[in-house]
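For reference, TrEMBL has these:
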- 35-56: transmembrane segment (TRANSMEM)
- 224-242: transmembrane segment (TRANSMEM)
- 249-274: transmembrane segment (TRANSMEM)
- 298-318: transmembrane segment (TRANSMEM)
- 325-346: transmembrane segment (TRANSMEM)
- 352-370: transmembrane segment (TRANSMEM)
- 435-460: transmembrane segment (TRANSMEM)
- 480-497: transmembrane segment (TRANSMEM)
- 582-606: transmembrane segment (TRANSMEM)
- 613-633: transmembrane segment (TRANSMEM)
Amino acid sequence: MAPRTTTPQDHNAGRQVEYDPTFQGPLKNRSCTDVICLFLFIVFIACWIGVGLFVFTNGNKDILLLPVDSNNSRCGYDPHVAEKKKLFFFDITKCLSPAVPFTGCPTNQICVEECPKDTFLWNKNSELNYMKLKCVQGIQPKNNEEGDDFVNKGLCARYHLKSNDLLNRCIPDVTDDFSQITNQIKDLTKDNVETSVKNIELLQNMEQVGHDIIKDIVESWREILGGIGIAIVACLIYMLMLRWIAGPVVWISIVATIAGLAACVYFTVTYYIYYKDHPKEEANANTIFQQYVRKKGFWLTLLIISSVALLIDVLMVIFLRKRIFIAIAIIGEASKAVSSTLMSFVFPIFPWIFQMAIIAFTLVVALYITTISSPQYEVKNFDKSNCNGDYEDGDSCDMNSFKKVRINNCKATCEFVGMGLSSLRTPLHVFNGFAFFWSIFFISAFGQMVQAGIFATWYWTRDKSDVPFWSVTKSVARTLRYHIGTLAFGSLILAICRMIRVALEYIDHKLKKYDNPFTKAILCCMKCFFWCLERFLKFLNKNAYIMCAIHGKNFCTSAKDAFSLIIRNILRFHVLDKVTDFVLFMSKLIITAGVAAIVWSFVTYVSERQLKYILVPVIFVAIVTYLVTSFFFNVYSMAVDTLFLCFLEDNERNDGSAHRPYYMSKNLRAILGKKNKTS
């Protein structure tokens, strides 16, 4: 091994990577890293599978769509309401908010045997009026005085309207005349009742909306498949063009994006002015989609968003145009690296399939967890002189064990009082959520390390024609054999941070009703801090995986080496990294917008299919197109990050002399002002 030569310039520049003439990219001789985390991850996944088997055995998917009252009793299913299959709303005027289809109606809801067949208003002076009251479970007034007390306490409904049955929900009949009670109930007007009924119907018709959307997707499957095919072809053509004419392609994409945002500003202004001048259009809406689209506030929001995005894009192009030229050059180099190993485009399909499977498993487990219930029993009429055991009235009890306390004249009973939330439900949801985050981050980390190994091999191969044909397979095998523990370690840190953020959101939601400014400020600061922390950890993990793929060290050492290398080149790295991300994002937007425009034009002017929502296939294709472009361009993004980190290490490890030549390509050396000396 040749001795390392150190120059005064090396010390002045703070170089910490030593020259090693035997170094030729990712090390072949390495050892397993972070083994303890690997075992912990395996045990955790085994427990998650066990949780899934447990909830599949003890849950019941058939009760998911049953109406649920305010006490979480499932109408027509739970024993104490088995004969009460309908859901009744105490005060229909509480359902006026447009958020009701998403949040539910904020009024008492009870299970009843049948919906009201007439209109009723409580009057304590009317004889036997108490018998018509609709009251919560376990409450039944015996006279008008008791009924009046229950009404004032909110335990019985003050009024009810003649109602129809809609999916086992009692919905007021708006054709009925209830004008005789409108003056005595606040906000009870025909318009308000119609609005409330519409909101409840929208809430219950979400299933129908979903059915219509699915039907539109099925009906327009040819257009959707054609749009997806166009998206894939457009991505392939776009990347082929990046390989040879990266500069013009990127600049055309940027200009097209700016033009598209300008068009968005124009159209949003036009629609905002129209709906501002025609406020009655909203009242004629027939669907929940039309209700929101016909509001001037909706178009004002889109106008603000598109205007801000347009301003940001224009400013970035003006002030970062020189950096954009460098970013284009790096993207060109990444194109060469990607095209040299075309299997790098195929490999991300497998992590993506695993992620979809994890998402599906998590959702199914979460749904089954919500169906786990435990019967609640309480002690009634307990008399210590005649009964065994240390019980008090109202204590929880078990039907089987309680039989032993009944002796002599003991009249105590263990009565069923309802189906409460299972004590296991909350911890199981927490466990399922944490397992989801850990496994998703783990799969993402696996894909990043494998791709880092592929592109690092390309960079550190001096003669690019010698790049191994099986570099993808070798990188996968190397990662699976040595570094699964490192991936588990890095993804565990991210999962913990994400769970803290979820917990903060939950606490914030629970504390909103107290309206405490100090608490709000503290929670806002904490949420901001952990959001920034997660962003930083993702950035650190990604670069740690790159260093681990190259040098084979554990997570902490790789993270320290990557962070130190970036800090020594912080300005160059940060600016070029963000500019490159901006350029790739613009490219994704232009492809997505172009494909969506083609599908919209075809569905609107060419296709003869009768669709309920004409935008459904367009939005579906736009989402799939963005996912497809993200799928392809994420490979580019990883290639850019890996090559740039390799370049920084190459810049410190070598000096361009005959004994220590740079590994970077001639084009990249020319852009960054580097030269390899021939003698």
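In case you wondered, yes, glycine gets a Cβ from its N, Cα and C as well.
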Positions on the same chain near the transmembrane segment (249-274), where near means CB under 8 A and six or more residues out: 238, 241-242, 296, 299-300, 302-303, 306-307, 309-310, 313-314, 317, 324, 328, 331, 583, 586-587, 589-590, 593
Contact yes or no, the transmembrane segment (325-346) and the transmembrane segment (224-242), 3+ Cβ pairs under 8 Å, gap 6+: yes
The transmembrane segment (435-460) and the transmembrane segment (224-242) contact flag, 3+ Cβ pairs under 8 angstroms: no
Non-local residues, at least 6 beyond the ends, that sit with Cβ under 8 Å of the transmembrane segment (582-606): 220, 223-224, 226-227, 230-231, 234-235, 238, 249-250, 253-254, 256-257, 260, 313, 316, 320, 324, 327-328, 331, 614-615, 617-619, 621-622, 625-626, 629-630, 633, 636-637, 640
Winner by Cβ pairs under 8 Å against the transmembrane segment (352-370), considering only 35-56, 224-242, 613-633: 35-56
Listed stretch, out of 35-56, 224-242, 480-497, that has the most CB pairs under 8 angstroms to the transmembrane segment (613-633): 224-242
Contact set, same chain, for the transmembrane segment (224-242): CB under 8 Å, 6 or more residues outside the stretch: 217, 249-250, 331-332, 335, 338, 587, 591-592, 594-596, 598-599, 602, 617, 620-621, 624-625, 628-629, 632, 636
Positions whose Cβ lies under 8 angstroms from the transmembrane segment (480-497), at least six residues beyond its ends: 30-38, 40-41, 434, 437-439, 441-442, 444-446, 449, 530, 533-534, 537-538, 541, 544-545, 548-549, 552, 554-555, 558
